[in-house]
Amino acid sequence: MGRYVIRRLLQFIPTVLGTMFLLHYMTSLAIQFSGNPARALFGDRTPPPALLQAITERLGYDNPCLDQRGNPCFGLFLDRLQNIFLHFDFGVNLRQREVTELVADAIPFTLKLLVIAIVFEAVVGIAAGVLAGLRGGSFLDYTVKISTVFVISVPIFVLGLVVREFVGVKLGNVLRGQDWIPDLISVGVFTPGFKADYPFASLIIPGMVLGAVSLATTARLTRTSIMENIRADYVRTAKAKGLTNKRVIGVHTLRNSLIPVITFLGVDIGAAMGGAVVTETIFNVPGIGRLVTMSARTGESSVVIGVVTMLVLVVLIANLLVDLMYAVLDPRIRYE
Amino acid sequence: MSDLTSAGSAVGGAPVGGDGPTTEPSAGGKERSTSLWADARRQLLRDPIFVIAFLYIVVVGSMAAFPKLWTSQDPRACSTDRSRVSPSWEHPFGTDILGCDYYSHAIYGARPSMVIAVMATSGIVIFGGLLGLLAGYYGGWVDTIISRLMDIVLSLPFLLGAIVFLTVIKRQNIWTIALVLFALAWPTIARIIRGSVISSKDLDYVHAAKAVGARNSRLMFRHILPNAIAPMLVYATIVLGAFVAAEATLTFLGVGLQAPAQSWGTMISVHQVYFLEDPWLLLFPCGLLVGTVLSFILMGDALRDALDPKFR
């Protein structure tokens with residue numbers, strides 16, 4: 001166990017460095033091939049050379065290696081690493097606001113969205129999976145099977161659009177016409193977009209859309225692992241001992257079956273971050289995802305790179321924790 | 001049919017072309033050979049879900065390859081005085097905001113999605129397959145380097161990575177999108193191949209072949225790789241659907257194909273604001289898109305069931 005943890009930590013370091021180098025190299029190549037990004041500030045106008053020079057310098061794009069095509073700019077990479085790990089500095093946007101500051105403004109929304117998504121996905125997915133797994137071949141089993149295939153095959157942005165228009169606008173308009181429904185529900189929950197007045201309620205539907213995508217996988221995973229475990233010897237022993245069905249399922253079977261599901265949920269955080277980009281754009285949530293899309297559309301690559309670097313660090317740490325937790329949770333797994 | 005000899009040893013294991021959902025078995029059909037592929041084909045043809053999904057893909061594929069077969073109208077012949085006309089006999093899908101025929105747009109829109117998906121999938125099958133084979137076969141430091149490389153790429157969440165790459169590349173066309181999808185997705189297939197190579201490289205017949213004096217390349221491609229083809233085929237089929245969806249998603253987010261290009265993604269992203277007044281503008285492209293993705297996934301599922309003897 002101890003050796004496994006150490007080995008896993010040692011693998012973690014080159015992966016982090018490699019990923020960050022990949023991102024760094026992409027940016028450098030982009031600057032080397034498509035020119036000074038500071039020009040984006042001026043649009044069509046030709047800026048006075050002195051002004052351009054000053055801005056370029058202040059944004060840190062004046063390094064000579066950025067003029068040599070294909071040069072990996074190791075010096076710049078080392079500076080960047082130092083900035084990130086020693087000064088917690090992920091760069092600035094074209095208007096010289098710190099990326100960390102932009103992210104700090106946006107992160108509460110994304111966190112709420114992710115929590116809603118993960119809770120929704122875990123509760124509904126596990127419940128559906130358990131019910132389907134206990135009665136394999138039943139009507140419920142087929143319902144879960146068909147709906148999971150369907151949910152997997154609908155791209156999240158299609159689902160988001162349809163939900164926004166049908167639930168947020170159409171159903172919402174009907175609800176908003178009724179006097180007896182409190183505003184919190186009619187205006188807050190069933191809204192086509194994020195509302196600052198209802199910072200939690202108006203995130204519920206976007207969160208559910210975000211969770212719906214992995215919901216299917218969670219349900220399938222639970223179903224398979226329940227079906228595997230229900231035939232295991234220790235479950236038969238528990239039944240033979242005369243334990244109630246509730247205890248056999250709830251404690252003996254479920255506990256073992258949930259190990260792969262929990263791992264999946266942990267790893268899924270990364271995918272959910274990607275999905276948040278789409279949901280936040282559709283529902284106009286001012287979170288990290290929308291920050292990424294908006295910067296991508298306006299071509300502010302420095303923001304995109306900074307935010308994504310930060311997210312990648314979070315994802316990598318989450319994966320590391322999941323791996324370590326896996327080793328603790330399931331004593332049958334040996335990593336020697 | 002039940003006396004399947006071995007799970008992996010695909011009889012006559014000529015490598016199946018990896019760039020599409022080909023289910024052509026290599027064994028001749030006359031004598032009742034019970035090779036894995038012949039068995040799988042028989043089971044697949046009896047599976048109505050697979051047949052329907054396959055036919056749907058054939059239809060979409062023919063739209064992409066020969067759009068003229070499906071429509072005689074030109075999607076670029078527009079006239080703004082018939083903007084957003086609802087579906088009629090002349091325009092089965094109505095017309096879009098610029099007054100172009102929507103049906104022909106949908107037909108022509110199949111091509112970019114399919115071309116991107118097929119190019120990226122062939123790329124990951126060839127490149128990822130090769131790296132996975134090398135990593136699994138040689139082990140040691142080759143495996144370490146390739147595995148770390150896979151870790152690095154896998155640590156970028158797919159959608160975020162694609163957005164970053166497409167933002168910094170700045171030129172968004174079919175080639176760059178296929179390239180980005182390829183660059184982000186090859187490790188998964190390499191992992192699958194690596195796993196199945198590791199599990200089969202110590203089998204007795206491989207040792208026998210080695211003892212006879214087979215070269216490394218012959219061992220790899222002739223004796224070990226055929227074991228990995230079944231999982232690779234299943235994954236490639238599913239990933240084709242995933243790539244079709246990914247292209248549309250990226251286009252929707254504004255980092256994919258741009259407006260004058262015709263694809264299902266642009267159809268959806270341009271018309272999303274008219275959803276309530278003219279829902280057909282979204283329902284047709286969304287329906288085609290979801291149908292395609294669904295068909296690929298169902299085909300992948302059916303293939304997995306057919307190719308894995310454990311499910312029989």
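Using N, Cα and C of the backbone, Cβ positions are placed for all residues, glycine too.
TrEMBL labels come from automatic prediction, so no person has curated them.
The region 'Disordered' feature in TrEMBL is assigned to B:1-34.
According to TrEMBL, the feature compositional bias 'Gly residues' maps to B:10-20.
Within its own chain, the transmembrane segment (B:49-66) is flanked in space by residues 21, 107, 110-111, 113-115, 288, 291-292, 294-296, 298-299, 302-303, 306, which lie at least six positions past its ends and keep a Cβ under 8 Å from the stretch. The transmembrane segment feature in TrEMBL is assigned to B:49-66 (among others).
Summarising the annotation, TrEMBL assigns domain 'ABC transmembrane type-1' to B:110-300.
TrEMBL lists B:114-137 (among others) with the feature transmembrane segment. Long-range contacts of the transmembrane segment (B:114-137) within its own chain (CB-CB distance under 8 A, at least 6 residues past either end) are made by residues 18-20, 60-61, 64, 143, 146-147, 149-150, 174, 177-179, 181-182, 185-198, 201, 216, 219-220, 224-225, 228, 232, 236, 239-241, 243-244, 247.
Counting only same-chain residues 6+ beyond the ends of the transmembrane segment (B:149-168), those with a CB under 8 A from a CB of the stretch are 131, 176-177, 180-181, 183-188, 190-191, 246, 249-250, 253, 255-256. Here TrEMBL flags B:149-168 (among others) as transmembrane segment.
According to TrEMBL, the transmembrane segment annotation covers B:174-193 (among others).
Residues annotated as transmembrane segment in TrEMBL: B:224-246 (among others). Cβ atoms under 8 Å from those of the transmembrane segment (B:224-246) belong to residues 8-10, 13, 15-16, 18-21, 36, 113-114, 116-118, 120-121, 124-125, 129, 132-133, 136-137, 158-159, 162, 181, 185, 188-189, 192-193, 196-197, 199-201, 206, 289, 292-297, 299-300, 303-304, 307-308 of the same chain, restricted to positions at least 6 beyond its ends.
Long-range contacts of the transmembrane segment (B:280-303) within the same chain, counting only residues at least 6 positions beyond its ends with a Cβ under 8 Å from a Cβ of the stretch, are 21, 23, 40, 44, 47, 49-50, 52-54, 56-57, 60, 84, 86-87, 93-94, 96-97, 102, 106, 109-110, 113, 233-235, 237-238, 240-242, 244-245, 248, 264, 267-268, 271-272, 274. The transmembrane segment annotation in TrEMBL covers B:280-303 (among others).
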